[in-house]
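Chemist: Below you will find the structure I want to go over with you.
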């Protein structure tokens, strides 16, 4: 007789097998897919642009930096209407590209590239940007990039449970590159690039780090409790038996607090950690981490999550220096932080990381999200910088306007991710996701994304912000 808990999730084993033993897709397909999804956001921004008038989302709210309050100048109905339009123009096409149009990735990329080129050439003539506007547009592009990566992760964590989502985009078992492999790495990159360490405005000690990461640790244990209580499916090879995403974030924050290096030196330490970790992997640690055999001790039970901390920590430190170099720099380098210089540098560094990834994948060790090896770090950096690089192309179009959807998510990235996890759990426990039709799955994904968007819009409208990492 089944236990009471198992009745919550009768197809647990089938769902776990559905996301197991996968090998990913080619780097070229990921390159084109990421470009296509980024260009959707670009097209929405430039298509709705002329000038920011009273109907723009920026005109809706005035933010007080001290109390993070939002004074709204519009009624909720018109505000939600703007968000709804962005969902239809950005999110819905993105979901289509990740599901029913996934087999036409190369065609999608060609079509989107042609549209982007058309908009740039048609509206570029005689356009120039002042230094002040360049710095402002750079901040806008950073926000757009961070939201884009977060929202993509939110969509994928539910989409992967449906058959409409290609298996090659799901997380790989050992080696390989899948779209979902970059989820955790992207969250770390997006936060490290604009962290207080990258900006050089504060040094966090261990005591403050423990205080700020306590909520993450609580969330980590809460996830363990709820997944075990309802017998929710858990892919053990991802982090281990007990480890999860929140523990990794907390560990990275605690380790970073133990060092007080200037941002310009963080990258040196980060690469040193990554190289030493890779050496240990090549000496045999990789065989231990990829083995399905586990002892009864806590380290063996959670070996993937614990040892991958070194890779994620190195990634965080590298991104601290990268963010400082690309976006902040010295107080006197205002010109270097304008959109033109940032765009050039981001494109060059992005291409260098792609080339480095190909070299490492072929001649050192293949990309492995499970171990967070050096090749995984470089491909994560390449894909994140690629998204940002595509978004900077909007600077070439006069009067482009940031999408309302970007503004509402920007101040609640972790909060929206938490809500996405809750909604994903509710969907999985309320239905057999493996047996629904493609149309039903598509409708659920669109509805899920819309609920996330509305929730973020309401939080932004009332000045609610959830941030503790």
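Backbone N, Cα and C define each Cβ position, glycine as well.
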Chemist: Of the ranges 107-123, 124-140, which one does TrEMBL list as transmembrane segment?
Modeler: 107-123
Chemist: Pick from 52-69, 268-285: which range does TrEMBL record as transmembrane segment?
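Modeler: Residues 268-285 are the ones TrEMBL records as transmembrane segment.
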Chemist: Using a Cβ cut-off under 8 Å, which residues of the same chain at least 6 positions beyond either end of the transmembrane segment (174-194) come close to it?
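Modeler: Contacts of the transmembrane segment (174-194) (Cβ under 8 Å, skipping residues fewer than 6 from its ends): 22-27, 30, 33, 98, 142, 145-146, 149-150, 153, 156-157, 160, 168, 245, 248-249, 252, 290, 312, 315-317, 319-320, 322-323, 326-327, 366-370, 372, 376-377, 379-381, 383-384, 413, 417, 469.
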Chemist: For the transmembrane segment (305-328) and the transmembrane segment (144-162), check the count of CB pairs under 8 Å (sequence separation 6 or more) and say whether it reaches 3 or more.
Modeler: no
Chemist: What parts of the chain pack near the transmembrane segment (374-393), using Cβ distances under 8 Å and only residues at least 6 beyond its ends?
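Modeler: Distant contacts of the transmembrane segment (374-393): 27, 30-31, 34-35, 37-39, 41-42, 116, 120, 141-142, 144-145, 148-149, 177, 181-182, 185-186, 189-190, 274-275, 277-278, 311, 314-315, 318-319, 322, 339, 342-343, 346-347, 349-350, 353-354, 356-357, 360-361, 364-368.
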Chemist: When you look at the transmembrane segment (144-162) alongside the transmembrane segment (79-101), do they share 3+ Cβ pairs under 8 Å, ignoring any pair fewer than 6 residues apart in sequence?
Modeler: yes
Chemist: Do any residues of this chain, six or more beyond the ends of the transmembrane segment (340-359), have a C-beta under 8 angstroms from a C-beta of it, and if so which?
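Modeler: For the transmembrane segment (340-359), the far contacts come to 27, 31, 129, 134, 138, 141, 322, 325-327, 367, 375, 378-379, 381-382, 385-386, 388-389, 392-393, 395.
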